């Protein structure tokens, strides 16, 4: 489990990037802005949306990287991009820097959701794969909550430094992690596979399932294989529905929404956003604990 926590650190970092704009967006637009002048609301909107404008096409880029250069290198590239994002924001508060930094987050979101689940799948035992896989979403929600809370109490630059520590910590810790046996088999590196297999056992993670993987499985199987296409269709519909429900807009602008909608509330807008993040986190914890007991279908229905 401790080794899996290393793997999901980039997802946590991505969660902080989503949550960061909620407390810091209003601060950048205020008269007490850390920038040279109050940032225009249109710039804040671009900062939120450019992440996914970049992240959508780079999904295919990371698909290429994981197959040709390995899961480990791809995951470290993800953390490097997140570190670059926070570093650029520390370097400058100009409009170009803020939007460019958020565009770099697009690489982070692609890497987080392409590589992390794949790495966990290829090193985890069948009996706990669902629980470990659910840590991806749990880590993102924990990152959101972390950003909402820290944004209430830390200054603009102090929060950037704290957020920068996470991807740097992952880069350092992940150097000791092995490449997945599945990738080594697929790439024809037979001898390193044995070493990686031994390292994985030392990490108390059983990679028995990688032997069953068919290295000749291609993306077209999602269309040509009936059962695979059905699963792909279900996941696609659920994912699209989740994005179209407006959850990302709420997560990015939670503080701004609460400040407009809850005049007279005892809690500040950032504190109300933290409550939202806490509800998300509790829901993720519940799903993580139930996924292996109730099955995937029940979880999807809920």
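Each residue, glycine too, has its Cβ placed from N, Cα and C.
Among the features that TrEMBL reports, domain 'Major facilitator superfamily (MFS) profile' is placed at 3-302.
Look at TrEMBL and you will find 7-24 (among others) tagged as transmembrane segment. The list of residues near the transmembrane segment (7-24) in space but at least 6 beyond its ends in sequence, with Cβ under 8 angstroms from a Cβ of it, reads 44, 47-48, 51, 75, 78-79, 82, 85, 102, 105, 108-109, 111-113, 115-116, 119-120, 135-136, 138-148, 150-152, 156, 159, 163, 166-167, 169-170, 173-174, 177, 248, 251-256, 270, 273, 277.
Note on the transmembrane segment (44-66): residues 17-18, 21, 25, 28-29, 73-74, 77-78, 98-99, 102-111, 113-115, 118, 183, 248-249, 252-253 of its chain, located 6 or more positions outside it, place their CB under 8 angstroms from a CB of the stretch. The transmembrane segment annotation in TrEMBL covers 44-66 (among others).
Within the chain, the transmembrane segment (97-120) has long-range Cβ neighbours (under 8 A, six or more residues past its boundaries) at 4, 7-8, 10-11, 13-14, 17, 21, 28, 39, 43, 46-48, 50-56, 58-59, 61-63, 66, 71-72, 74-75, 77-79, 81-82, 84-86, 88-89, 91, 129, 132-133, 135-136, 140, 180. Per TrEMBL, the feature transmembrane segment maps to 97-120 (among others).
The transmembrane segment feature in TrEMBL is assigned to 156-177 (among others). Counting same-chain residues at least six beyond the ends of the transmembrane segment (156-177), those with a Cβ under 8 angstroms from any Cβ of the stretch are 3, 6-7, 9-10, 12-13, 16-17, 20, 23-24, 27-28, 34, 72, 75-76, 79-80, 82-83, 86-87, 89-90, 147, 150.
Residues or ranges marked as transmembrane segment by TrEMBL: 234-258 (among others).
When Cβ-Cβ distances below 8 Å are used as the criterion, the transmembrane segment (234-258) is approached by residues 18-19, 21-23, 25-26, 48, 52, 144, 148, 151, 265, 269-270, 272-273, 276-277, 300 of the same chain, each at least six residues removed from its ends.
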